[in-house]
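Enquirer: One structure, pasted below without further comment.
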């Protein structure tokens, strides 16, 4: 890539000329090297790719036009100093940056920027080190490019797996750092990934480096006197043991936000529990969801249910095991009779509860007796351990996931339809049978009105449930894509009307969801806007992320 070459990206950021872009990119090349810069100048570069080979140009699961959210270039900093230099240049040009870790972010927009023409800042390509694993404190420190699979392999390669487990989401290829700051979940007792972080290092919009919590306390050896750069200085001994530090707790400002660029994070790991047993409880009837959730609530609050368990709809499990055509020749949403037939064929229930027991055998035995006794109140329930199920069963997959072993089997449900793509609709529900049934009824009805099957799961936290509706669609069917847009927008309004809000969403729906958080004349959004404009006066970091826009961007013009 020549320094004198003129680049012509397919799209430019707002208010920036082609000459501005070229001056900016040439300066970037001088910082990171041409091998770490890719300008998107040809439609041949807009390839959807796959989960294992993710694209960084756009959203591969595009519900809008494929190039609706499109980067002008992809830039991969090599280190913290590069990030700081890039931020400085971006301020000079008011050039929008869209930081990513790995860029998978499946179902929520991938690596695509909210503002087309932004530079996607690929934090994970070069910054991919496991910086520390501390056995005594049971934590690790990682850079953005470390995936769950990378961290698992690191533990195994260093003979640490018998001492420490990590917590993994459904798919093992995501960034440990990225998933935590997006407040993703896993399925061990450490399943709330944001809760399990302690200490972050962040490049602010002015280029300054910040460490949060106890990380703001310098090492008493004063390493800066030894000539170390701030990013290379050792952390306080307790930075990754106590997350809050002193004074205002600011970590949340860098979660699902556009207030800074996270370069390092401390994550708690789970000490090997010295015993483990996964299980499946099948619920035969659709209406059993209500009673099951009411049984789950006291068990989860009392911690008899130790991990983050899931209540999965039959079609989520069925879709892991085969596409829709393998079960039915119909293109319409499947009927209750067909769902019953599939459940019988797969020896599953209409709902299927996956959980795990942790600890020595006497502890597991008492917990299992408690759980089994409680669920036995539901007529027709059945109980399974992995060895009771076929080799390809979902329980065999969840058996790995719930002990922190990364897998990729859950990718298969995206192929439920031809040219499969997906979005997640992710409202929060009370751990209440009545609320679960209401939310299920609303989402299922709207899915069917859009001509789609309901595919979903309830992920049970301590006092709430993430209801993850997996909206699978044919991305080459323009009519179906328009229906999916209608479906998402209608579900957002439906849920807001019932007092339910979403915890995370796709790029295209961030504005609408933020507008539902409108108590007291949207004081929450207005406060975030004040902070955004104060810490990022040029609006360079991820404008529009989570519906928070800097003052340079008109809400009327940019809102979707």
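Just so it is clear, glycine is given a Cβ too, placed from its N, Cα and C backbone atoms.
When I checked Swiss-Prot for this same protein, it listed these features:
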- 108: active site (ACT_SITE)
- 503: active site (ACT_SITE)
- 504: active site (ACT_SITE)
- 67-272: domain 'FAD-binding PCMH-type' (DOMAIN)
- 422: tele-8alpha-FAD histidine (MOD_RES)
- 170: site 'Important for the catalytic mechanism' (SITE)
Enquirer: Long-range neighbours only, meaning 6 or more apart in sequence with Cβ under 8 Å: which ones does the residue listed as 'tele-8alpha-FAD histidine' have?
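Expert: Residues satisfying the criterion: 61, 106, 107, 414, 470, 471, 472, 473.
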Enquirer: By Cβ count within 10 Å, point out the most packed of the active-site residues listed: 108, 503.
Expert: 108
Enquirer: Please report the Cα separation of residue 504 (active site) and residue 108 (active site) in Å, rounded to an integer.
Expert: 8
Enquirer: Per DSSP, residue 422 (tele-8alpha-FAD histidine) is which: helix, strand or coil?
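Expert: SS state of residue 422 (tele-8alpha-FAD histidine) = strand.
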Enquirer: Taking just the CA atoms, what is the gap between residue 503 (active site) and residue 108 (active site) in Å?
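Expert: Counting only the Cα atoms, the answer is 11 Å.
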Enquirer: May I ask which residues of the same chain, at least 6 positions away in sequence, place their Cβ under 8 angstroms from the Cβ of residue 170 (site 'Important for the catalytic mechanism')?
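Expert: Looking at Cβ-Cβ distances below 8 Å from residue 170 (site 'Important for the catalytic mechanism'), excluding near sequence neighbours, one finds 401, 407, 410.
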